[in-house]
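Visitor: Straight from TrEMBL, here's the annotation block:
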type     : residues : note
DOMAIN   : 1-102    : domain 'Thioredoxin'
SITE     : 22       : site 'Deprotonates C-terminal active site Cys'
DISULFID : 28-31    : disulfide bond
ACT_SITE : 28       : active site, nucleophile
SITE     : 29       : site 'Contributes to redox potential value'
SITE     : 30       : site 'Contributes to redox potential value'
ACT_SITE : 31       : active site, nucleophile
């Protein structure tokens with residue numbers, strides 16, 4: 001899983017294709033439960049770029065994307081946010097959205 005931060009996000013956002021960003025926090029229990037699901041999706045859908053962003057360390061990203069609750073998952077396609085999910089999601093629900101955009 002790739003890590004994004006306030007410094008490298010611009011380079012990542014300019015990439016073409018589908019990007020999934022998992023915004024998380026160390027104190028967030030649903031984030032911990034979501035992490036292995038995201039890792040499994042990354043293994044099964046290698047053509048998508050998967051990233052994690054710790055909101056405690058990246059206030060600029062948190063503000064830019066108006067992250068108000070955790071976990072928050074963004075689907076970004078060709079530089080534009082196409083889906084925004086807040087709260088824990090099961091593998092199957094995320095997989096449906098991935099298939100919608102690939």
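From the backbone N, Cα and C atoms, a Cβ is placed for every residue, glycine too.
TrEMBL does not curate its annotations; it predicts them automatically.
Where in this structure would I find these features, and how exposed are they?
Guide: In the predicted model, residues of the domain 'Thioredoxin' (1-102) average a pLDDT of 92.
In the three-state DSSP scheme, residue 22 (site 'Deprotonates C-terminal active site Cys') falls into the strand class.
Cβ contacts within 10 Å of residue 28 (disulfide bond), excluding its own Cβ and spanning all protein chains shown: 18.
Secondary structure at residue 28 (disulfide bond), as computed by DSSP, is coil.
The 10 Å shell around the Cβ of residue 30 (site 'Contributes to redox potential value') contains 16 further Cβ atoms across the protein chains shown.
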Visitor: How big is the gap, in Å, between the Cα of residue 31 (disulfide bond) and that of residue 22 (site 'Deprotonates C-terminal active site Cys'), rounded to a whole number?
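Guide: Cα-Cα, rounded: 9 Å.
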Visitor: Using Cα coordinates, what distance in whole Å links residue 30 (site 'Contributes to redox potential value') and residue 22 (site 'Deprotonates C-terminal active site Cys')?
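Guide: That separation, Cα to Cα, works out to 12 Å.
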Visitor: When DSSP states are grouped into helix, strand and coil, how many residues of the domain 'Thioredoxin' (1-102) land in each?
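Guide: Split into helix, strand and coil, the domain 'Thioredoxin' (1-102) gives 38 helix, 28 strand, 36 coil.
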Visitor: Residue 22 (site 'Deprotonates C-terminal active site Cys') has how many other Cβ neighbours within 10 Å of its own Cβ?
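Guide: A 10 Å sphere around the Cβ of residue 22 (site 'Deprotonates C-terminal active site Cys') contains 25 other Cβ atoms.
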Visitor: To the nearest whole angstrom, state the Cα distance for the pair residue 28 (disulfide bond) and residue 22 (site 'Deprotonates C-terminal active site Cys').
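Guide: Just about 12 Å between their Cα atoms.
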